[in-house]
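The structure appears right after this line, and notes come after that.
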Amino acid sequence: MNEEQRKEMSQIQSKDPNSADQNNLNRIKQKTSDDFMKYFETTYQPPNMRDAQRRKKKDTDVLYDFSIPEDMDQSGSGKKYMIRTYGCQMNEHDTEVMAGIFEAMGYESTSNTKEADVILLNTCAIRENAENRVFGEIGHLKPLKLENPNLVLGICGCMSQEESVVNRILKKHPFIDLIFGTHNIHRLPQLLKEAMFGKEMVIDVWSKEGDIIENLPRSRKGNIKAWVNIMYGCDKFCTYCIVPYTRGKERSRMPKDIIQEVRHLAAQGYKEVTLLGQNVNAYGKDLDIEYGLGDLMDELRSIDLPRIRFTTSHPRDFDDRLIEVLAKGGNMLDHIHLPVQSGNTDVLKIMGRKYSREEYLELVGKIRTAMPEATLTTDIIVGFPNETAEQFEDTISLVEEVGFEHAYTFIYSPRDNTPAAKMKDNIPMDEKKARLQRLNKIVNQQSADAMSQYEGEIVDVLVEGESKNNPDVLAGYTKRNKLVNFRAPDSVIGQIIPVKIIKAKTWSLDGELVQEKVEVN
Ligand code: 5AD
Ligand code: SF4
């Protein structure tokens with residue numbers, strides 16, 4: 001392989017999917033299981049981070065100048081909006097920002113599609129089934145639009161960033177009024193105006209990320225737990241993942257802006273803040289200062305807020321400084337979600353994860369030494385193209401060795417224009433399903449075993465409200481992220497209270513209030 005070819009191959013990883021060299025993509029398509037490893041060992045190169053860094057420094061500005069345009073101010077008075085959210089917490093939080101913008105324009109929220117004047121679907125593109133659900137929902141919304149032509153129907157979020165999705169909507173769902181992506185949420189007022197008064201479908205999807213807008217309004221869901229973005233985008237380019245394309249390059253918020261937001265939430269009485277990013281461990285790498293997630297957590301530790309957590313981690317960037325800070329305890333939680341994806345080094349290499357099984361286990365060892373009480377949870381993909389039975393066994397053995405207490409497990413789903421989607425796959429779907437089932441059985445058993453150790457213990461629970469399954473029971477989480485259900489008066493909602501565990505189940509604990517230690521109104 002000469003230098004030119006190597007460069008071309010590396011571009012497949014780093015380029016915008018739409019401009020990737022078709023010949024190279026075809027070349028990957030021809031690969032068979034046997035030469036995957038040879039191909040990756042000889043030609044795989046990480047994306048060109050130096051270029052990405054340069055581009056970010058030049059391109060990302062931090063702006064504090066958001067305002068509702070005069071002609072849209074109070075334009076929502078007497079009107080209602082509804083946002084249906086799919087996918088991750090990043091999307092949930094984007095919905096809070098859009099809700100804030102709607103409310104700043106005078107709109108009220110509704111959960112009834114029939115009363116809504118605007119309906120937005122904030123979509124997720126991570127796997128094919130997430131997209132299918134959205135297309136199903138678009139079909140359900142069509143009769144509403146026929147009944148009420150003034151209704152504005154919009155699609156936003158990660159799916160909007162995909163060219164194929166936009167084309168499909170244009171061709172098959174022309175009744176949609178508005179499509180916008182993840183980089184231009186702040187333009188919602190202008191886009192709504194165009195959608196209301198124009199005749200054409202409004203499509204405003206930026207392929208390149210723009211500036212960080214700091215002063216967007218937010219209408220937060222609830223007053224106990226809050227989400228705070230610390231960074232946007234992802235530069236990891238795992239070969240199966242669409243996120244670096246739909247969310248753009250990594251862009252960190254300035255520490256002072258994050259600290260101010262968290263302080264403000266603490267002053268408002270929030271009890272838990274989750275710092276959000278697709279790869280939070282890369283926080284700060286794009287800033288001009290020497291400052292990382294560990295430094296940020298250390299500063300946040302001193303804020304009078306009972307619980308601070310973060311999601312999601314990438315093992316590659318999880319450094320000693322962060323472990324040292326987390327081990328200080330206090331409001332740092334005893335739970336680390338550390339996606340591993342596979343327990344086999346060769347599969348990890350083809351996935352572009354940039355760590356080996358051994359390196360992952362070494363990191364787990366460091367965390368366990370520093371935080372012996374911590375709960376570890378993970379994400380796993382089974383049935384990656386050509387994953388052999390032996391490679392899958394390595395995932396099982398790693399799950400057992402680490403003793404994950406919970407795992408989000410997925411069957412690999414090919415995503416358009418990602419490098420993995422070009423790989424030929426010889427594993428039948430039935431085999432993939434069988435692997436998933438086997439893995440889930442083991443994970444569930446480990447979860448049940450971990451739960452059973454709590455029987456008879458007293459744990460501190462942040463009470464969130466009524467249980468989703470039973471309104472007569474309250475529910476909340478421990479510092480190690482265990483769901484606890486128990487009977488108590490509503491006055492304890494929002495407090496952190498001691499609960500005695502009487503029964504362990506597979507995914508939750510049943511407890512009873514330790515009356516004498518709680519002030520009950
Ligand atoms: N197929 C299956 N699972 C995926 N994930 C990301 N992309 C894919 C895909 N193409 C999983 C990973 C990630 C989680 C959020 O979703 O496990 O950690
Ligand atoms: Fe996707 Fe996470 Fe990998 Fe980024 S680090 S590419 S978000 S799986």
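The backbone N, Cα and C atoms fix where each Cβ goes, and this holds for glycine too.
The [4Fe-4S] cluster 1 binding site annotation in TrEMBL covers CYS88, CYS124, CYS158. Summarising the annotation, TrEMBL assigns [4Fe-4S] cluster 2 binding site to CYS234, CYS238, CYS241. Marked as compositional bias 'Polar residues' by TrEMBL: 10-27. Residues or ranges marked as domain 'MTTase N-terminal' by TrEMBL: 79-197. The domain 'Radical SAM core' feature in TrEMBL is assigned to 220-449. The annotation domain 'TRAM' is assigned in TrEMBL to 452-515. Per TrEMBL, region 'Disordered' is recorded for 1-33.
CYS241 are the binding-site residues among CYS124, CYS158, CYS234, CYS238, CYS241 whose C-beta comes within less than 6 Å of an atom of ligand 1, given in sequence order. For the domain 'MTTase N-terminal' (79-197), the mean pLDDT of the prediction comes to 96.
Sorting the domain 'TRAM' (452-515) by DSSP state (H, G, I as helix; E, B as strand; all else coil) yields 5 helix, 33 strand, 26 coil. Screening the binding-site residues CYS88, CYS124, CYS234 for a C-beta under 6 A from any atom of ligand 2 leaves CYS234. When other Cβ atoms within 10 Å of the Cβ of CYS88 ([4Fe-4S] cluster 1 binding site) are tallied across all protein chains shown, the result is 18. Compute the center of the Cβ atoms of CYS88, CYS124, CYS158, which mark the site for [4Fe-4S] cluster 1; besides them, the chain residues with Cβ within 8 Å of that center are TYR86, GLY87, MET90, ASN91, THR123, ALA125, ILE126, ALA130, GLY157, VAL243, THR246. A Cα-Cα distance of 17 Å separates CYS158 ([4Fe-4S] cluster 1 binding site) from CYS238 ([4Fe-4S] cluster 2 binding site). A Cα-Cα distance of 17 Å separates CYS238 ([4Fe-4S] cluster 2 binding site) from CYS88 ([4Fe-4S] cluster 1 binding site). Each residue in LYS236, PHE237, TYR240, ILE242, VAL243, PRO244, GLN278, ASN279, GLY352 lies on the same chain as CYS234, CYS238, CYS241 and has a C-beta within 8 Å of the C-beta centroid of that [4Fe-4S] cluster 2 site, without being one of the site residues.
Taking the Cα atom of each, CYS241 ([4Fe-4S] cluster 2 binding site) and CYS124 ([4Fe-4S] cluster 1 binding site) are about 12 angstrom apart. Across the structure, CYS234 ([4Fe-4S] cluster 2 binding site) and CYS88 ([4Fe-4S] cluster 1 binding site) are spaced 14 Å apart at their Cα atoms.
Around CYS124 ([4Fe-4S] cluster 1 binding site), the same-chain residues at least 6 positions away in sequence with a Cβ under 8 Å from its Cβ are TYR86, GLY87, CYS88, ASN91, ALA130, GLU131, VAL134, GLY157, CYS158, MET159. Around the Cβ of CYS241 ([4Fe-4S] cluster 2 binding site), 22 further Cβ atoms fall within 10 Å across all displayed protein chains. Assigned with DSSP, the residues of the domain 'MTTase N-terminal' (79-197) fall into helix, strand and coil as follows: 66 helix, 23 strand, 30 coil.
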